[in-house]
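The following features are taken from Swiss-Prot:
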- ASP13: active site, proton acceptor (ACT_SITE)
- HIS41: active site, proton donor (ACT_SITE)
- 12-18, 40-42, ARG305, 331-333, 410-412: GTP binding site (BINDING)
- ASP13, GLY40: Mg(2+) binding site (BINDING)
- ASP13, GLU14, GLY15, LYS16, ASN38, ALA39, GLY40, HIS41, THR129, ARG143, GLN224, THR239, ARG303: IMP binding site (BINDING)
- VAL299, THR300, THR301, GLY302, ARG303, ILE304, ARG305: substrate binding site (BINDING)
Amino acid sequence: MSNIVIVGAQWGDEGKGKIADTLAEKADLVVRYQGGNNAGHTLVVNGKKTFLHLIPSGVLHQHTKCVIGHGVVLDPVALDEEITRLQAKGIAISAENLFVSESCTIITSYHKLLDAVRESNTSEKIGTTGKGIGPAYEDKVSRKGIKFKHLFDKDLLRSRLAISLAEKETLFRDLYKVEYPTLEQEFDKLFALGQKLKQYAADTFSIIDQAIAAGKNVVYEGAQGVLLDVDYGTYPFVTSSNTSVAGVYSGATTAGHGLDHVIGITKAYTTRVGEGPFPTELFDDVGKFIQHKGGEIGVTTGRIRRCGWLDLPLLKYSAKCSNLTSIALTKVDVLSDMDTLKVCIGYKYEGKEIYCAYPGIDLYKVEPILVEMEPFSIDETVTKDNMPAALKTYLKTIENHVGIPISSLAYGPSREQILFFEDYFKKG
């Protein structure tokens, strides 16, 4: 039995889905525990791409059960569309392999509208995906939320909708002056979706608990990345959930269950979507080269990702925030055959050098300490035997500065293009 957590160690888009899909081959459960359909995971199998937003990456493995935990905010429209799209591709999804927590907070049309009008009416852009994630979490915390199970009860759904709409109606009508669905329109849509999706509703807490007790392999699949964590991230340019390992306990299981591995998924360089500080961002042709070669366009938003050198002070900070046990380094192939290769090992900040970021640091004011690395060139298949010495040095530099080992290396889009240095499912 192994309990494995996959955490994004940067600003998201690190390749978590690829690693989760690979580990799902040996997993009994793959569990999403936070975020919503603002996540976007790309899986490449036999040259064919599959895009996932809500459904866990274990869905391509017939024996693996997929769980959406109670920490996820659930857009029933998006879930219904994703299930339909995947089934049309011949991917089996049923009540036998998809389990959605009855306690997931629901994203409504009101949340999505509020998300959009706020972003368009503020001078400080956050770069939200517009999926209604933040407003849904607001309702959850202020106890105005609608749970997945509420969609199955007409009277309860109508009363919860009335509570949710009460304040928003004033905002839409008087402050933002936008049209919005009536309570009855929203009720009809949500109740119909509830009847359609009810078959997937489950007590996921007990499913996970029983799987662990039975010695099953459980993989927890995070969304976004630690640097977008609402508490640990680059606030206010963050998401609205705990993207660190803490989200596993609040969104899926209990702290009583130990974790065997917490894997920090990290690109060999750094990217960011939307606004916010980015110390190693590249504005030259090198940045454009990485962007083009890496296909750095958001799956969820379609926005071009900002690109820069690997930032080790931030990676070390992420490792501490989530108690990472190792790093899975992805997209190494993007850096192959470059003329110039650099890595950030520290910052100059307020008259001194620092080598690990921290919550109070102003990343707009840091000067990255960049060191030149020897460029490397890799083949379509990378093994321990044919790995270039320059790449080995690059990996060792990361390990030495962050203080944890690199346990796997992804060097291409397909399942086969991963080199594992450690068996995550082997005890001891």
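Including glycine, each Cβ sits where the backbone N, Cα and C put it.
Just so it is clear, the model here is predicted, and its values are computed rather than measured.
Cβ neighbours of ILE304 (substrate binding site) (same chain, under 8 Å, six or more residues apart in sequence): GLN291, GLU296, ILE297, GLY298. The recorded positions near ARG305 (substrate binding site), taking a 10 angstroms Cα-Cα threshold over the set ASP13, GLY15, LYS18, THR42, THR129, TYR411, are ASP13. Under 8 Å, Cβ to Cβ, and six or more positions away along its own chain, TYR411 (GTP binding site) finds LYS331, VAL332, ASP333, SER336, ILE378, VAL382, GLN417, ILE418, LEU419. Note on proximity: of the recorded positions GLY12, ASP13, GLY15, THR301, GLY302, the one nearest ASN38 (IMP binding site) is THR301, by Cα distance. Largest Cα-Cα distance over the residues recorded as binding IMP, namely ASP13, GLU14, GLY15, LYS16, ASN38, ALA39, GLY40, HIS41, THR129, ARG143, GLN224, THR239, ARG303, equals 34 Å. A 10 Å radius around the C-alpha of GLY15 (GTP binding site) takes in none of the binding-site residues listed as THR129, THR301, GLY302, ARG303.
THR129 (IMP binding site) counts 23 other C-beta atoms within 10 Å of its own C-beta, drawing on all protein chains shown. GLN224 (IMP binding site) has its Cα within 10 Å of the Cα of these recorded positions: ASP13, taken from ASP13, LYS18, THR42, THR301, GLY302. Reported as a whole number, the C-alpha separation between GLY40 (Mg(2+) binding site) and LYS18 (GTP binding site) equals 11 Å.
Spatially, by CA atoms, the recorded positions HIS41, THR129, THR301, GLY302, ARG303 include one closest to LYS18 (GTP binding site), and that is HIS41. Most Cβ neighbours within 10 Å among the recorded positions HIS41, ARG303: this distinction goes to HIS41. Shown in sequence order, GLY40, THR129, VAL273, GLY274 are the residues of the chain, 6+ apart in sequence, with a C-beta less than 8 angstroms from the C-beta of THR301 (substrate binding site). Taking all protein chains in view, 8 other C-beta atoms sit within 10 angstroms of the C-beta of GLY302 (substrate binding site). In this structure, THR42 is the one among the binding-site residues ASN38, THR42, GLN224 with the smallest number of other Cβ atoms inside 10 Å of its Cβ.
Counted over every protein chain shown, other Cβ atoms within 10 Å are most numerous around GLY12 among the binding-site residues GLY12, GLY15, GLY40.
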